[in-house]
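Asks: I have a structure here, written as structure tokens, and I will follow up with some questions on it.
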Amino acid sequence: MNFHNIDDYFHENSPTQGGKGVAAVSAEAIVERVYHDIAFGTEKLLNLDMLVMEIARQASDIEPLMRDPHSISAELVDKAFEFDVLHSIVDSEVSELEKLAVSIQTDIGDAETKALGEEPGSRVSDKLCTRKESLKQMQDQISDIRTQLATFEKAIQPSHGNSEVMGYENGHMSGHTAMQAEDQRNILQMLQQSIASKLDLENKLCDSHSVVEDLKMKLHHAEQGSCFLEESIKELYERMFSAENASQLLLGTSKELVGKLNTTQFYLSASIGREGDLKSNEEENLKKLSTNKSTRETVLEDGDNNASQEPVQMQVLSPPEFLTLWNKVQQLEELLRDSGSEPQQSSLSRGATEEEQDTAQSKISTFGNIINDLKLAITNAESRTQNAEIRCTQLTQTNVQLNGALNSLKSQGSDRAGLLETKLKESDTQLEHARASVDAIVEQQGMLRSSMSDMELLIGDLKEKYLKAETRAESAESKCSLLTDTNLELGEELSFLRGRVESLENSLHEANQLKVSSAKDITSKTKTIMDLVAKLALERERLHVQIVTLTKKNRMLAQKCKENVREHTLLCKNVTTTEGELRLSQVTEKATSSSSQQTKAKRASNTTQEEVEADEVIAEDDESGAWSTPETVRAIEPTMLNWKYISAAVLALLAAVIVYYYQSDDGVQQLLRQFVG
């Protein structure tokens, strides 16, 4: 952190005092900045003194060894390198301090130009004088350090060509004496060895960095290969799962096809059974048709004979009814024949009795009823025959339809059988394909298992390589950690120093604010004290005038009293005594009032001023020998106003203010020393 930034911060944040101009404020800010810069430079010079002492010690150690060419070693090279580095650091710091001194001198000149309008004995001019003295001291210290560095250069004095190789950055090498050729060769050898060691270290660092990068690249490639292998394994697993799903689907389809084949075989067996049933029905229908044709022929041949038609019709209707009716008809014919023979016999005999005739009539009536019943049965049989003919026609039609249906069923059965055969062939082919696909899937699974085993072996090899790479990376990281630990420590130190700098900045800011506030308080108090001193002087003069006038009046009154007493002692002693007492009382009252006013003025000012001494004025009247009236009057005689005491008080106040300011400056110097240290 640059110290000038802190100065700029205080310069920007410095509070202004009321009643002053801008030039005065800027001059005070410049003075404060100069003070901080000088404190910074002095603290830095103290640190550089320590470094100069270390350089002197190393120079005293190296100088006798450099003179002996045979005593050159690696330790000597390291010491020379350290000496060179410290010398260059101190030289660069001294050059920076010289630049700082030049800038401080310019700031002091600017402050002087801005403070010309002020009084010569002001605070800014006093501070500038002190700052000039401290700047001279700092410049003297810088010149001393420069001379010491010039003397140290004589310990190791390389040539102009070797100054670039050694890395000197100061630019102030002195050429007082030239070394011998052997010493220069030895120095060159040491420098070459140091440069070679540096180059080796740099090469090792570069190699380590390249190894680390290669390991990182290998790790990256190994991670990419492992990711690719994982992706390929995932794809293989997906293919396996898809193949298993396809095999399961094919097994399901094959099972469905087997079920369909079973159902088709069942349907075929059912259709064959139906064909047998239809054939048996067809044969029965043909038999019925043949029987119907034979019955029709018999009915047409015996159409004239009703008796013969009835049994035929009865046979057509139903064989048991036909037989019963046929028996009844034969019985009735026999009865009719018997009845026909009986009237012939009755007519022939005509001699039968009436009972026999009644019985015969009853039999005839019964027979007539039976005949009527037979006629009804015949009509019923005719209606039944008609119905049978209608049924025969319907049966013939149904037979024709059934024949067509049989033919169609035969054709359809053949077509269905062909379709079923084609379906069976297709299902067989599908089964063969499914078996082939299952075999292929099994082979793929075997291939996948073998590839999985190969991949596992590859993964094991890659893991071993990865572990080896990890070990190498860990070793490289340990090496890198050793290099980065210093950086971390430096970062922590930087953070700590930054925090400390911030705290110091805050403390400096607070100290400056306290200084400004205390300065304001001191100025206000000094103003009030000066006003009080002026008021006291005025009061003292006024009291002095009053006391002088009172003494004059007192003397005049005393003289008048003496004259009056001398004149009127003989005439009226009583009157003179009373008048004298009254006058004496008035005089004493005036004196006491003036003394009380004087004491009040002393108490209000609170300052130790000169005491007023009062002398008693005794008025004695010795005119008559009869009696005398001694009168005591207090005459206050003021002393002259002594200005020495007032100036002494003012100087004491100024000394207190100056001491306070110097104490605050010492506190700021201590803070700056803590910051730089």
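If you go along the chain as it appears here, the first residue is 1 and each next one adds 1.
Using the three backbone atoms N, Cα and C, a Cβ is placed for every residue, glycine included.
Since the structure is predicted, the reported quantities are computational estimates derived from the model, not experimental observations.
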Asks: Look up coiled coil in TrEMBL and report which of 67-122, 403-458, 459-514 it refers to.
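Replies: Coiled coil, as annotated by TrEMBL, spans 459-514.
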Asks: With DSSP helix as H/G/I and strand as E/B, how many residues of the compositional bias 'Basic and acidic residues' (277-287) fall in helix, strand and coil?
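Replies: Summed by class, the stretch gives 11 helix, 0 strand, 0 coil.
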Asks: So what's the average pLDDT for the domain 'WIT1/2 N-terminal helical bundle' (26-157)?
Replies: 79
